[in-house]
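Listed in Swiss-Prot for this protein:
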MOD_RES   T70  FMN phosphoryl threonine
BINDING   A124, E143, N151, T152, G156, G157, D387, H553, E582, L598  FAD binding site
ACT_SITE  R446  active site, proton donor
Amino acid sequence: MKAGTYKVKAKGHGSSFMPMEVTLSDDAIQRIQVDASGETSGIADEVFKRLPAKIVKGQTLNVDTVAGATISSRGVVGGVAEAITLAGGDADEWKQRAKPEIATQAAQVEEYQTDVVVVGAGGAGLAAATRSLQHDKQVVILEKFPQLGGNTTRAGGPMNAADPDWQRDFAALTGEKETLKRLANTPLEQIDPEYRADFERLREQIKEYIASGAQYLFDSNLLHEIQTYLGGKREDLAGHEIHGRYQLVKTLVDNALDSVKWLADLGVKFDQTDVTMPVGALWRRGHKPVEPMGYAFIHVLGDWVTEHGATILTETRAEHLLMENGRVVGVVAHKTDGTKVTVRAKSTFLTAGGFGANTPMVQKYNTYWEHIDDDIATTNSPAITGDGISLGQEAGAELTGMGFIQLMPVSDPVTGELFTGLQTPPGNFIMVNQEGKRFVNEFAERDTLAAAAIAQGGLFYLIADDKIKETAYNTTQESIDAQVEAGTLFKADTLAELAGKVGMDPATLEDTINKYNSYVDAGHDPEFGKSASHLKCEVAPFYATPRKPAIHHTMGGLAIDKHGHVLDKAERVIAGLYSAGENAGGLHAGNRLGGNSLADIFTFGRLAADTAAQENG
């Protein structure tokens, strides 16, 4: 190889491309420097700590990826391989070299006695741990991956909570009042009995708001409740109906704003200048952190539990619950080095997420989709494999809603990631099929969007112009340009040219966009009923982002009550056992609204910790 320092770019997580500098001698890799400033914070931190050193020490590219950060790990290896090729070396030979030797040690045993043990260090687990520490409890956290965060790190960021005093500062958008009118006109007999009184109260709120002529953004806990309930009310393939348990939905919407305030008190900074709406949220009530994505929550909570004395054991997989006389009294786990860990605790929290990264398990339980492909992509962390659900079953926990799987309609068609391309608020979505035609109300629920996309063959495109581009989440112009250069995002000066690049008929795409623009002007979409379109698509350059549904959220899980107790098959509390977040079921029922997951994990994680502290001293 020709000695020198080579500058390359490697694919990171999401839309980022990581600049790298690789210094080579004529026969060795001497140094690897990665500029990860554009990488998704919290997902691949351990990659940049471990992998370059492992490659340099072992003088091989045959290295294992870092658990939970496969894409970034492959990106680092690929970047070094590119540098070797540029230097005239044989990258394939480096990839075929022996793996670095792993030091072995005799099996160890660790034992802990504590007040609280938390299994899974995503948002729900860290919320439970933080709140337990606020109650002066001793806390042990078990996380099977090298770093904290779980799926929460990958979340888009907006957290649903009705906050009418704040929302009054924002103007109502064209069509939002029509959405409220349609909701209020829902026949009462279509509302399940336990929700009817609240629905009638909501009707009166909407009637009063419309009659007042107010032009501000309306919201209330009741609107959030009824949208969550109706948004999750579904039938499976056999015609069995499911909807969210009233007490769980009520607890969520009545406590979500307190969760936002609690997080703010801990140090999470929210952008008060913008009320946002993730895809499939149905309403603008999202509290968006200033920092990008879910890392805004994870680093604050992670730092807080560390600073306040939690014992954090990463790369430690919980394998069994300890049971005594029908009560859960702790966990048995193993570290990746073989060390056996036994934690005895007064309170055990299962917060290990759902099973969206376990395709065979998804296929086993699915009763909602006609077919789940073996090679379907997922938006999930590889950690999300159903571990906490299996642990709960050991204690006799009831499962609920397991057949309902949410597909994220606007995922990367190759990786399943959320934030490649131009991912905007759904008010700015223009979804077109491979013929260049719109095919759905872009404001609809996620399962509706995913089903419509599947009916079109799966692959579709989000069309944007320069103004819509400015509303995209979690990206930069540098990243956009890099994706255009890589051929994963398409850009053109005219719609006709853009159509040619993605294989559409130019006249069809132009006609579609012209009609869409006219609907924005009119405030009414006669084709698909999209009620709130923010921007027209008319300012060059134009973009097409390829999208395809991927597994996103598993609504089912352990049955819980409103206090976070795990319930058995007779709906009795399992003493000492609590759950929250995607590990639990019963809240979202058949479909989860965008932005409700963050409200869920922080609300039920926090409240379950309050319950445990009160019950277990």
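Even glycines carry a Cβ here, placed using N, Cα and C.
DSSP assigns G156 (FAD binding site) to coil, not to a helix or a strand. Cβ-based neighbour count (10 Å, all protein chains) for T70 (FMN phosphoryl threonine) stands at 16. Cβ contacts within 10 Å of A124 (FAD binding site), excluding its own Cβ and spanning all protein chains shown: 36. Under the DSSP three-state reduction, A124 (FAD binding site) is assigned to helix. Among the listed recorded positions, namely N151, G156, D387, R446, E582, the Cβ with the most fellow Cβ atoms inside 10 Å is that of E582. Looking at T70 (FMN phosphoryl threonine) and N151 (FAD binding site), their Cα atoms lie 14 Å from each other.
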